[in-house]
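Asks: TrEMBL lists 37-55, 75-94, 251-273, 285-303 with the feature transmembrane segment. Annotation comment: TrEMBL describes 440-504 as region 'Disordered'. Taken from TrEMBL, the feature compositional bias 'Basic and acidic residues' applies to 488-504.
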């Protein structure tokens, strides 16, 4: 707890709310810094008066050169560095200060467990509860006496811990105070070179075991909970002891202090106002009081004083923790909780909202404005969505959209990867043909007679005109002419046939005839004008050959002289087309591999 409390004065933000705090003296920066500030001003004034009234002319000229020198080289101590380290140092001290306060052991949790866990309204039960609670308070007193100067002044010896009345220094009553006479003898008989604040905690745990054996603690869960609360209490005592033993590294404190005070020692000479008649640059104005230098000292030295105030909050400064008040409060509250309040319950009766399903506590006239505010329902409570976007979509449609999105993303990634490796047009065509050939080869190994090829599709294929229409793939692949239609096989009829008479998987000729007859495969579109047909020979004649790679002549899929003969013989047509396709793929693969090796 801080001694200086101003929370109620800044409860509401208002115009110049903090300005009223600037007039406070107790715990203020003025009270902490005024001595250093006056010392700095007195030294500055002494040097200024000596320069103006006591120095000779030669001495003044020498002092002016010294002042200019100090002011020029004071920039070697960068204030941004000093301010940054000072702010970080103060932040570290403030965090450490708050952590130390949170480490102060408080008996509230232990007293609640003791009051409800250790049973017995007789003298024995009362003695057990009070003794265990007193041991916990004694442990906290011993650790605070070890780290706080204010507590040590209150309890300078163990005899002062044992007695109750501070004015009674002779009569040591055996049953009063934090420690009895027998407990003091036992405490002093235990020899240890270390701090013995933990001994009352061990007494507490032993006494809890006795209460468990006597049945005062009914079950093991309560016994376990009591020991866990004790360990948490003892852990805070240990943490407080280690905070006192492990300080902020001394070198850090020294560096920050030296940086601040050495800078302002240089300013005592470098910030002096020199004679304007000498014409020194920047010294056109002669003043007696260095206002901005004093403000700079107030801010920087003030930050350093804040760290000095908070680095040890267990002293006797205005902003240090009120450890003696904490000792009094904790001891009185804990003893009342485990003794007077044990089993002391008010009479239970129905509350005023017994039959009210929506109880609302009353409001005063000063708080009626709260009722006019709507209840908060969430940040999205007032959001509006267009009506056409509020309808649920069928799962099938959502699945198709997701599949299309994944396919497009995958194809785009492959396309970007392909372009990054082979940016030339010839390489692009070669990669497309290589992927097409791989797909066709997989189809020849895995595709079986398709039962979905219905009679309607067969009739539509028969109805196609027997012309010399040619088709071309959108990726620039080889030319395919319409193939003779194939007969479809009914699935039921095929299942009724013996295994020896069933059809084997489709061959390459069947796959080519099926897909070349289907204009939707790979976006094939019919071309009525034969002059517009792009064959492999035409494609490589028009394209620019790569530097250093020999070109390969490839014949067209179907020469004009043999076009009629191949149309009459479907097998011959498939054989010639397959040979041309394989030749073209081999050529593209060789050009692609040659280009890759040449590029590497």
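For all residues, glycine too, the Cβ spot is worked out from N, Cα and C.
Situate these features within the shown structure.
Replies: Residues 63, 264, 268-269, 271-273, 288, 290, 293-294, 297-298, 301 of the same chain lie 6+ residues outside the transmembrane segment (37-55) yet bring a C-beta within less than 8 angstroms of a C-beta in it.
Long-range neighbours of the transmembrane segment (75-94) within the same chain, counting only residues 6 or more positions beyond its ends whose Cβ lies under 8 Å from a Cβ of the stretch, are 248, 252-253, 255-256, 259-260, 262-263, 266, 300, 303-304, 306-307, 310-311.
Beyond the ends of the transmembrane segment (251-273), by six or more residues, the same chain brings 40, 43-44, 47-48, 51, 63, 66-74, 77, 79, 81-82, 85-86, 89, 283, 285-288, 290, 293, 296-297, 300-301, 304, 307, 311 to within a C-beta distance below 8 angstroms of the stretch.
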